[in-house]
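Here is the structure we will look at.
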Amino acid sequence: MLYEQIAQNKRRTVYVMIGFLMLVLAIGAALGYLFMQNTLTGVIIAAVLAAVYMVMMISNSTNVVMQMNHAHEIKDASQYPDLWHIVEDMAMVGQIPMPRVFIVDDDSPNAFATGNDPKNAAVAVTSGIMARLNREELEGVIAHEVSHIKNYDIRLSTIALALAAVISLLVNIGSNMMWWGGGRDRDDDREGGAGNVIALVFSILLMILGPLAASIAQMALSRNREYLADASGVELTRNPEGLINALLKISNSEPMQAADPSSAALYISDPFKGRGSFGAHLFDSHPPIEQRVERLRNM
């Protein structure tokens, strides 16, 4: 059951990432069609921007994310010895280098991992998690975060964040060009027949709906990786109850104050406790706690 879940979530992640990349290139093509009379130029611009953003994000993601979430680094075991030794132990079991350890001063219990790869990774927990979780529960949480590092989820999350930023930038460029009178000549489109009109309408819709689709893809990726990290974390501790109890405590707590909204998908549980009505699950950064607990209990 465990290995089935891991394999299934890895496949879903591949599909979501392919869709994400195709969306970036499609929006680039729409931008090229609408404002440059050449879809290939738009695709090339989108690809170059995506590559630049990904390199920038990957090279400095840890420091950027930690600053955004007001986290401060623990240099040794003197401040939080239990936390330090649990991270050390779980990293050893997971066969990864010891990640950097950070604390976020927030009363709400939560945690996240970030970085580029296992050699350049970091784990952050809130002061609230240290106050409310026992050792067994904290081990479950840290094992979950170590699994994110081991499975390269941290890199995937960084890439998804960069691609979402590129989509937002491309759409902003298109909006500004449209506002200042750029774009295709309507007479040319009418002379080109129905095909050109359809392409024009589709391109405009893609520019409008692109950021929405990017957000849905980013959240879908996050949800899949949470299931995978839950399963992989239990593989490290051999104790699903520790993570189950931790998730239940975290889900019943108050929203965080220190978390940055753009980093919400990184946390083990939604730091803002967002839960909406019809269709809102598409924009949830995490699967429902009830479903995660059920899967853990079925292992």
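Cβ atoms here come from the backbone N, Cα and C positions, even for glycine.
Feature annotations, reproduced from Swiss-Prot:
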- Glu145: active site (ACT_SITE)
- His144, His148, Glu226: Zn(2+) binding site (BINDING)
- 16-36: transmembrane segment (TRANSMEM)
- 39-59: transmembrane segment (TRANSMEM)
- 159-179: transmembrane segment (TRANSMEM)
- 197-217: transmembrane segment (TRANSMEM)
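Other residues of the same chain near the Zn(2+) site, with their Cβ within 8 Å of the Cβ centroid of His144, His148, Glu226, are Ala113, Glu145, Ser147, Asp153, Arg225, Leu228, Ala229, Asp230, Ser232, Gly233, Ile268. The C-beta environment of His148 (Zn(2+) binding site), restricted to residues of the same chain at least 6 apart in sequence and closer than 8 Å, consists of Ala113, Ile154, Arg225, Ala229.
Across the structure, Glu145 (active site) and Glu226 (Zn(2+) binding site) are spaced 10 Å apart at their Cα atoms. Local packing around the recorded positions Glu145, Glu226 was summarised as the count of other Cβ atoms within 10 Å of each Cβ; on this measure the leading residue is Glu145.
Contacts of His144 (Zn(2+) binding site) defined by a Cβ separation under 8 A and a same-chain sequence distance of 6+ are given as Ala111, Ala229, Asp230, Ser232, Gly233, Leu243, Ile268, in order along the sequence.
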